Amino acid sequence: MTKIAVLPGDGIGTEIVAEAVKVLKTLGETFEMETAPVGGAGYEAKGHPLPEDTLKLAKEADAILFGAVGDWKYDTLPRELRPEQAILGLRKHLQLFANFRPAICYPELAGASSMKPEIVAGLDILIVRELTGDIYFGQPRGVRAAPDGLFAGAREGFDTMRYSEPEIRRIAHVAFQAAAKRGKKLCSVDKANVLETFQFWKDIVTDVHKEYPEVELSHMYVDNAAMQLVKAPKNFDVVVTGNMFGDILSDEAAMLTGSIGMLPSASLDANNKGLYEPSHGSAPDIAGKGIANPLATILSAAMMLRYTLGKAEQADRIENAVKKVLAQGYRTGDILTPGCKQVGTVEMGDAVVAAL
């Protein structure tokens, strides 16, 4: 039986994950779903954001459905005990190196975007972000007395940006394969003009391209990519980039769509086992109010069905149900436009179930 680890986390995580679970149960499939604490909830229950039992469950499961972690009240904890360390730990222990962040603007929601509707209506970008390398994980790092330079002897913070050839090759293959199934256009985003790491990145991606002649490859500096995402976002199909640039660009692309509350994400290992979560955070300011948008989490469950569980038809059912609900005019507050019906978290989940 397919086993899904359900990790709601903190803030609105419990509310939105409950709606995704409700939708999954409506499909008529037989899933074994087991829930465990993570993030701040893990710290409260077991003294660590990623308790051993939770990690064991995640390793045993076929897929992980994740909510969100984080709360201001944990900001004073040592870094290793903060809720955000849970997601970093899961990525590391499960070797989740490929992050898929779709940025889709449904025609019904074009008016909710801060951009002109004609710029974003019909937008469909997939950002493929490398998750386990780059400056976020490079060693050495820390705080020390500066060994040289104008301020030698002064305290300085330092990090190390690095990528190995195997890391670049495997994410490039994932991105080219994704592009081959879509519009056959891949844009590799780097900063090769000033960073040795990303000149190396560019060289390796160019070499991998030889295996995918049907895909059109372009290269773009990250500063220009940030501008072009605002100026002409529909020129992009699939974007591949490193950990830090992907972190920033995927959030920028998300806001083109009108609400980050609509956007799912997937983090995959080499065998397509994945962790699926909404692109947004735990939003502690609205937790418990029943107003959070559950659609990103519901669509994350659809991605789980498609990429890990091999049930593309069921994924299509969920995605089509979401489109139907939007066409019917149901909106949570974050995507509300004049003339639509405002609903809460549970009501939106119920509407998707009804559409199914």
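A Cβ is built for glycine as well, from the same backbone N, Cα and C atoms used for every other residue.
So that you can see what the record holds, here are the features copied from Swiss-Prot:
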BINDING   ARG91, ARG101, ARG129, ASP223  substrate binding site
SITE      TYR136  site 'Important for catalysis'
SITE      LYS191  site 'Important for catalysis'
BINDING   ASP223, ASP247, ASP251  Mg(2+) binding site
BINDING   GLY281, SER282, ALA283, PRO284, ASP285, ILE286, ALA287, GLY288, LYS289, GLY290, ILE291, ALA292, ASN293  NAD(+) binding site
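Structure coloured by features recorded in Swiss-Prot.
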| residue | record | Cβ contacts under 8 Å, 6 or more apart |
| --- | --- | --- |
| ARG91 | substrate binding site | PHE97, LEU131, THR132, SER267, LEU275 |
| ARG129 | substrate binding site | ALA98, ASN99, ARG101, VAL240, THR241, GLY242, ASN243, GLY246, ASP247, SER250 |
| ASP223 | substrate binding site | LYS191 |
| ASP251 | Mg(2+) binding site | ILE260, SER279 |
| GLY281 | NAD(+) binding site | GLY11, ALA68, GLY70 |
| ASP285 | NAD(+) binding site | none |
| ALA287 | NAD(+) binding site | ASP10, GLY11, ILE12, GLU15 |
| LYS289 | NAD(+) binding site | none |
| ILE291 | NAD(+) binding site | THR332, GLY333, GLY344, THR345 |
| ASN293 | NAD(+) binding site | ILE16, SER259, GLY261, MET262, THR332, GLY333, ASP334, ILE335, THR345, MET348 |
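For TYR136 (site 'Important for catalysis'), the same-chain residues that are 6 or more apart in sequence and have a Cβ closer than 8 Å to its Cβ are ASN243, MET244, ASP247. For the recorded positions listed here (ARG101, LYS191), the lowest count of other CB atoms within 10 A around the CB belongs to LYS191. Within the group of binding-site residues (ASP247, ALA283), the Cβ with the highest number of other Cβ atoms inside 10 Å belongs to ALA283. Mapped onto three states, the DSSP output places ASP223 (substrate binding site) in helix. Largest CA to CA distance in the substrate binding set (ARG91, ARG101, ARG129, ASP223): 27 Å, whole number.
According to its DSSP assignment, LYS191 (site 'Important for catalysis') is coil.
When the record's NAD(+)-binding residues GLY281, SER282, ALA283, PRO284, ASP285, ILE286, ALA287, GLY288, LYS289, GLY290, ILE291, ALA292, ASN293 are compared pairwise by CA position, the greatest distance found is 16 Å. Secondary structure at ILE291 (NAD(+) binding site), taken from DSSP and collapsed to helix, strand or coil, is coil. Reduced to three states, the DSSP call for ARG101 (substrate binding site) is strand. ARG129 (substrate binding site) carries a strand DSSP state (E or B).
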